[in-house]
There are 2 protein chains.
Amino acid sequence: MAALPDLETAGAVRRDLRAAPFLVAARGGTPSRVPVWFMRQAGRSLPEYRALRAGTGMIQACLDPELTCEITLQPVRRHGVDAAILFSDIVVPLYLSGIGVDIVAGVGPVVARPVRTAADVEALPTLHPEQVTPVTDAIRLLTRALGETPLIGFAGAPFTLASYLVEGGPSRNHEKTKALMRSAPAVWHALLAKLADSTSVFLRAQIAAGVDAVQLFDSWAGALTERDYRSFVAPHSAAVLGPLAAAGVPRIHFGVGTGELLGAMSEITDVIGVDWRVPLDEAVRRTGGTHPVQGNLDPAVLFADAASVESEVRRIAAEGRAAPGHVFNLGHGVLPETDPDVVTRVVDLVHTLPVR
Amino acid sequence: MAALPDLETAGAVRRDLRAAPFLVAARGGTPSRVPVWFMRQAGRSLPEYRALRAGTGMIQACLDPELTCEITLQPVRRHGVDAAILFSDIVVPLYLSGIGVDIVAGVGPVVARPVRTAADVEALPTLHPEQVTPVTDAIRLLTRALGETPLIGFAGAPFTLASYLVEGGPSRNHEKTKALMRSAPAVWHALLAKLADSTSVFLRAQIAAGVDAVQLFDSWAGALTERDYRSFVAPHSAAVLGPLAAAGVPRIHFGVGTGELLGAMSEITDVIGVDWRVPLDEAVRRTGGTHPVQGNLDPAVLFADAASVESEVRRIAAEGRAAPGHVFNLGHGVLPETDPDVVTRVVDLVHTLPVR
């Protein structure tokens, strides 16, 4: 592994936000109000984002510190959420390491040369800390601009990165990925170890630059059985998340459709993100009652009438009180057609609700 | 509801297949061998299907009795599966009732006029038994051609049909459907009642024509929480399945990603189909130990090496022994790129495995 930023000294640049509701809840304490942010809060649902992004490619936007900073700030300004999340994309560390990948509008990430053999894995570059500069520059701008609002670092988990690399792009069924996993386990584990290495470098650089928490997204993990997740995936996600404990920033782990995996995922993280299909009190039971939870309003509920939105928000906040800490969020990302005013009203409502 | 075929007299045309392994297992008995069939066994993965379908639209193929018969028979001949399933599509009863719907290659069902208001629901036609003749003609050809192999009837469940009608086509997030459900529950329940009516007519006609079992596919139910499934969906699926009990043919109910719904779904059916994410012995626990199960090999496993396929097949057969009956199947449909020879080898292997 490349030389890593020292996690302990990174604390020197980090803001002292110990009373921030998001950080208190993520550490299992009792915050001054129920904190709320939304996955994909920065991005497609905001007209000011669409205006800013016009003419700029997705990866280009993620590597322009001023633009990344502004896009990350937009939902904080508009909605008054309790955390910002670094605007980025799952494939950014792959791109920065020199892998040929582009994000094609309407398709998603497209990989120039899919990775399917031992030689392909051997040839795969890994990320070096100095390659992360465009992202760490954005983080330094953000920690100055955000005032008292915490900033969450962002990375995709090794399995989800591997699916893009093996399939060559987005896949509904991940059949090539799952075939490689079973048919060539040595190649598979070598691939995931390399991706875990790059992901570690990416998140450590973000922590060293001053993020206050990190979220590891395993977008596609829900396609796996718990048995396969534990055998083929969890050790590599743990290799990313485990050593980050030394940094003292909350680690959040999330994947959609992971009801069967909540126990296994919770073993390697601090805060467990929960998809909307599993009520938060049930998620608390599945994770042993020891983990703060994050979630889990169905993003589609934001398209319903105001009374339905309110009753669902109240239900989720009530179920979240079963956890040692609850960070209100959606159960997946904000959908592109969402009315931003509805999102703002959810924030306002959550902030009126009792913490305990 | 339109005049319905008499379910009791329908038994007169049904073959006496009481010893068929599929039917014995589906009734919770001990079959002579573990029965196996595959969702989407007829269709895209077979070269003989692609040859036969060339130049014929999907709906047109479903309404040509000779063609439907031949397509349905192809996997029985090739793989030696223990059941045939009527080749059809979820939108066929909508089309037959006069709703403007087409199946567009590479897209899926496209609805000419989406259904979103009380007036839209009021104007929606329902299916009449005489409109099902192209399908019942195919069933009569099939019961003669199939010999001792049972034939499973096919229909989509009201929620899944509603999603196509409300969204206007396939949808990843079902936001318009979920919004209608919450914001206009009276319109929603009127829509689902109409769709349950048409689905009842469709399945009753199939039973009257001689099918030996029925499977109700709620493809998209896995997008719902259990709470919403019970409030907005299950009563309408129950209105379809409940009265069919009088016909004495096994009723199978399946949806992908329904791990959280298995208990609720099992309450309204005989056999519960299980997605690959939930081990069959766990599915038995979630459904009270009283229901035969069907499933649940991950369709992507068929892309792995032979040793991995074998070990997964053996694992699933072993877990299935926890149920009062086990019908071996995939945990979702056969994927288009699947090698048909691998499918045949799974059938051969399953037939060597112990039943208890």
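A Cβ is built for glycine as well, from the same backbone N, Cα and C atoms used for every other residue.
TrEMBL: automatically predicted annotations, no manual curation.
Per TrEMBL, the feature domain 'Uroporphyrinogen decarboxylase (URO-D)' maps to B:35-44, B:152-168. Annotation comment: TrEMBL describes B:ARG40, B:GLN41, B:ALA42, B:GLY43, B:ARG44, B:ASP89, B:TYR164, B:SER219, B:HIS332 as substrate binding site. Annotated site 'Transition state stabilizer' per TrEMBL: B:ASP89, in sequence order.
Features per TrEMBL, on structure.
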residue: B:ARG40; record: substrate binding site; Cβ within 10 Å: 18
residue: B:ALA42; record: substrate binding site; Cβ within 10 Å: 24
residue: B:ARG44; record: substrate binding site; Cβ within 10 Å: 14
residue: B:ASP89; record: site 'Transition state stabilizer'; Cβ within 10 Å: 18
residue: B:TYR164; record: substrate binding site; Cβ within 10 Å: 26
residue: B:HIS332; record: substrate binding site; Cβ within 10 Å: 25
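In this structure, the CA atom of B:HIS332 (substrate binding site) is 15 Å away from the CA atom of B:ASP89 (site 'Transition state stabilizer'). Through the fold, the domain 'Uroporphyrinogen decarboxylase (URO-D)' (B:35-44) approaches residues 20-22, 24-26, 50, 71-72, 74-75, 79, 81-85, 87, 152, 254, 327-330, 332-334, 336, 343, 346-347, 350-351 of its own chain, all at least 6 residues removed from its boundaries and within a Cβ separation under 8 Å. Summarised by DSSP class, the composition of the domain 'Uroporphyrinogen decarboxylase (URO-D)' (B:152-168) is 10 helix, 5 strand, 2 coil.
Binding-site extent for substrate: residues B:ARG40, B:GLN41, B:ALA42, B:GLY43, B:ARG44, B:ASP89, B:TYR164, B:SER219, B:HIS332, maximum pairwise Cα distance 23 Å (rounded to the nearest whole number). Distance noted between the C-alpha atoms of B:ARG44 (substrate binding site) and B:ASP89 (site 'Transition state stabilizer') is 13 Å.
Mean predicted confidence for the domain 'Uroporphyrinogen decarboxylase (URO-D)' (B:35-44): the pLDDT average there is 97.
According to DSSP, B:HIS332 (substrate binding site) is assigned to coil rather than to any helix or strand. The DSSP breakdown of the domain 'Uroporphyrinogen decarboxylase (URO-D)' (B:35-44), given as helix, strand and coil counts, is 0 helix, 1 strand, 9 coil. In this structure the alpha carbons, written CA, of B:ALA42 (substrate binding site) and B:ASP89 (site 'Transition state stabilizer') are 12 Å apart. Distance between Cα atoms for B:ARG40 (substrate binding site) and B:ASP89 (site 'Transition state stabilizer'): 10 Å, as a whole number. When secondary structure is read from DSSP and collapsed to three states, B:ASP89 (site 'Transition state stabilizer') falls in the coil class.
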